[in-house]
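Colleague: Okay, handing you the structure first.
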Amino acid sequence: MSTAVKPILPQGTGYGVVIGIGFFFALVMAGVSYLQNRYTKYSTKMSEEFNTASRSVKPGLIASGVVSAWTWAATLLQASTVAYEYGVSGPFWYAAGATVQIFMFSVLACKVKQNAPRCHTFLEIIYYRYGTFAHWVFIFFALMTNILVASQLLLGGSAVVTTLTGMNVYAAVFLIPLGVAVYVVLGGLRATFLCDYTHTIVLMIIILYFMFSVYTTNDLIGSPGRMYDLLVRAGELRPVDGNHEGSYVTLKSNYGLIFGVIQLCSGMGTVFLDQGYWQRAIASRPTTAVRGYIMGGFAWYAIPFGFATTLGLAAVALTDNPAYPTYPNNMTSGQISAGLAAPFGAQALLGKHGCIALLITLFMAVTSSSSSELIAVSSILTFDVYKVYIKPSASPKDLIFVSHIMICFFALVMAAFACIWNAIGIDLGWLFLVMGLLIGGAVFPAAFAVTWKGQTRAGAIAGAISGLAAGLIAWLVEVQVYYGEFSIATTGASYPTLAGNMAGVLTGLIVTVTVSLIKPDNFDWTITRDINAPSSLYGDVVPGPNATSTLAEKPNTTSTAMHGAATESHGIAPVETRAEEEEPKDPNHNRTLPTVVDEEKEEAEDAAVLDNPQSLQRTFMFALILSTVLSLSMDVIIPLPLFLSHYIYSKGFFTFYIVISFLWVFCAFGLCGVLPIWETRTFWGEFFREVLTGKKKKNNVLAGVSPRGKASSENSDSGSVTPNVRHGGMEEIKG
């Protein structure tokens, strides 16, 4: 009997959602950018604002952005898939295995603010510390990460749109990033934060809609107790291989634990090597970056945990119900791997309304994550390729133009890769499991580049490359030994991908530490702190493994200093430095606008922190201790006793478990939905008064005039910031 599922929605719905919502956000961003340019001191026509949001975003919006960037199609689809396959352990391990990286990244966010506060990308740090060859090695890993992540986004999104509406899969793959590229070009990084906020709010509201429907009102389930009974019955009819007594309501799941380890290894690569996460750290205020990531990790946990504990388990519970799309058959392995458990569960529970809600939810997740990938790749190609190797003397106008071109270029690249994967039969599940073994080797070398002064250039390069080699070898050897044949099914199985992921990450760690300890470096962080700094021009910094912090004492004036023989000996291409090309002044400027006054006040606060990196040492220790405690709690202290005791949930414990998922989603909504508005409550009142009275911003700061009226030398094209006018915090359209 055929297991094909007829689309429940018309094709027009698919095209309407993909095209309509995408371009709706593009129009919204056009309006927001206009208001921002008119009534605040930040202009989307400046490369610093376009690529870093002027380093001024508050923690609530950072948390919302982290949640949005880490909520892929896989977050919803793959989490529901592992719930369908392993029961309650699937959502738990998906969430726990991928939250640790966000907590640990709070440490890197703090270190970036300490050791390279004015960089645009983490690759700039590697370039100035290790030289050209290392720079290209990590550019390779960073771009591979972005391509793999973007491919997963489009593969998962297009599969669901096609299943629910019958829309052509290749049309979906190309149309989804099109609208995203338009609004990112219009608004830059700040546009992605604003859309992240909107998407996250809609996403959480719809998740709560599904949760209340399943556990309170729906006739097919309607309560945690009824869900428990159905899951127990499903375990009797279709026992889960590797679960204690085949039960769906136990954390004693061998394959669930294996998936958790894979998720941990893979997630480290996709966070630590994705410029999108570094971009949010760079965009945050130095005093609040850690808070943003800790809150973001806490809030993100609720997304896969709440969503998959609802729709993933509902798919298990209703498989034998005539309302289920594949009834009387079970889902095929292809349907499971494509991530269709959640769509089928939504269709069985709520019919067309459930499908439309899921379609919107998934589209929000895919587009918000895609916007993060687009701006991340644009920054890498602009600042680490074009600015370094093609046109070192690029003007602000050049950088903005290249950023726009690269956003459009990568939108096509990500669509092309997704089409290739789809054509050869590789789906979301396969890419998700394999990705970590390809990029895991570079995780610790990249992290140590910002945190450990003893890591050497040889250690960083050797760790990344050997990790990739070890991951590939372990993966392929395990396939041959365990299965004896190579196919998409065997190479995407649990044991081979587990071996590859662990080998890649651990080899990278061991090799980079071992090689570095043979002759440790004693790197002076002054060098990376001087990246893009106004008081030391590029030509005065000698990057490379033997660099020192000796800087020429020069006035902050126009210079054509070149890196010369010293820098070339370390593999650094000469970079010409240049003073700022002033933006034209606005004759209608008004420095007394309350929004501008608040912005400059926060800039002064941030400037004091940037000038004294030791002031962030307590914040660093706080991030290190808290992230370690939270990570151990989620991945060791809570799950391992339940795993080792072989405990099968009672109905009362399962009900408590569901209540916790509800409370967690509500707390996440407060952090990502309410907090950003609360943080900017003063700004919004001032902003709307200015809009209603028709006042315009003053533009002399943009034109290079400090609040004291003195000429500044802010270099927009390199991201330099003057001592008097720094891109610090402000209460503006960003949180």
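Just so it is clear, glycine is given a Cβ too, placed from its N, Cα and C backbone atoms.
Copying in the features that TrEMBL gives for the protein in this structure:
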type	residues	note
COMPBIAS	712-723	compositional bias 'Polar residues'
REGION	554-593	region 'Disordered'
REGION	703-735	region 'Disordered'
TRANSMEM	12-35	transmembrane segment
TRANSMEM	56-80	transmembrane segment
TRANSMEM	133-155	transmembrane segment
TRANSMEM	167-186	transmembrane segment
TRANSMEM	193-212	transmembrane segment
TRANSMEM	293-318	transmembrane segment
TRANSMEM	356-378	transmembrane segment
TRANSMEM	399-424	transmembrane segment
TRANSMEM	430-451	transmembrane segment
TRANSMEM	458-477	transmembrane segment
TRANSMEM	497-518	transmembrane segment
TRANSMEM	620-644	transmembrane segment
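Describe the structural surroundings of these features, if you would.
Modeller: Cβ atoms under 8 Å from those of the transmembrane segment (12-35) belong to residues 44, 161-162, 164-167, 171-172, 175-176, 178-180, 182-183, 186-187, 191, 194-195, 198, 356, 359-360, 363, 367, 691, 733 of the same chain, restricted to positions at least 6 beyond its ends.
Taking Cβ pairs closer than 8 Å, the transmembrane segment (56-80) reaches residues 42, 90-91, 94-95, 98, 102, 149, 152-157, 159-160, 190, 192-193, 195-197, 199-200, 203, 271, 276-277, 280, 283-285, 288-289, 291-293, 295-297, 299-300, 303-304, 307-308, 311-312, 315, 339-342, 345, 361-362, 365-366, 368-369, 372, 428-429, 432, 599, 602-603, 606, 668, 671-673, 675-676, 678-680, 727-732, 734-735 in its own chain, all 6 or more past its ends.
For the transmembrane segment (133-155), the list of distant contacts is 72-74, 122-123, 126-127, 172-173, 176-177, 269-270, 273-276, 366, 369-370, 373, 376-377, 380, 384-385, 388, 410, 413-415, 417-418, 421-422, 426-428, 431-432, 435, 438-439, 441-442, 445-446, 457, 460-461, 464-465, 571: same-chain residues at least six beyond its ends, Cβ to Cβ under 8 Å.
Here the transmembrane segment (167-186) has Cβ contacts under 8 Å with residues 11, 14-15, 18-19, 21-23, 25-26, 28-30, 33, 44, 150, 154-155, 157-159, 161, 192, 195, 363, 366-367, 370-371, 374-375, 378, 404, 407-408, 411, 414-415, 418-419, 422 of the same chain, all six or more residues outside its ends.
Cβ atoms under 8 Å from those of the transmembrane segment (293-318) belong to residues 59-60, 62-67, 70-71, 75-76, 79-84, 87-88, 90-92, 94-96, 98-99, 102-103, 105-106, 109, 203-204, 207, 210-211, 214-215, 220-221, 227, 230-231, 234, 248, 280-281, 324, 331, 341-342, 344-346, 348-349, 358, 623, 626-627, 630, 634, 657-658, 661-662, 664-665, 667-668, 671-672, 675 of the same chain, restricted to positions at least 6 beyond its ends.
Nonlocal intrachain contacts for the transmembrane segment (356-378), taken as residues 6+ away from its ends with a CB within less than 8 angstroms of a stretch CB, comprise 9, 13-14, 17-18, 21-22, 25, 51, 65, 68-73, 75-77, 143, 146, 149-150, 153-154, 156-157, 160-161, 164-165, 176-177, 179-181, 183-184, 188-189, 191-192, 195-196, 199-200, 202-203, 206-207, 209-210, 274-276, 279, 311, 342-343, 346, 350, 403, 406-407, 410-411, 414.
With a cut-off of 8 Å between Cβ atoms, the residues of this chain six or more beyond the transmembrane segment (458-477) that come close are 126, 130, 133-134, 137-138, 141, 434, 436-446, 448-449, 486, 491, 496-497, 499-505, 507-509, 511-516.
Sequence-distant contacts of the transmembrane segment (497-518) (same chain, at least 6 residues past either end, Cβ-Cβ under 8 Å): 258, 261-262, 265-266, 268-269, 433-434, 436-445, 448, 452, 454-456, 458-460, 462-464, 466-475, 477-478, 491.
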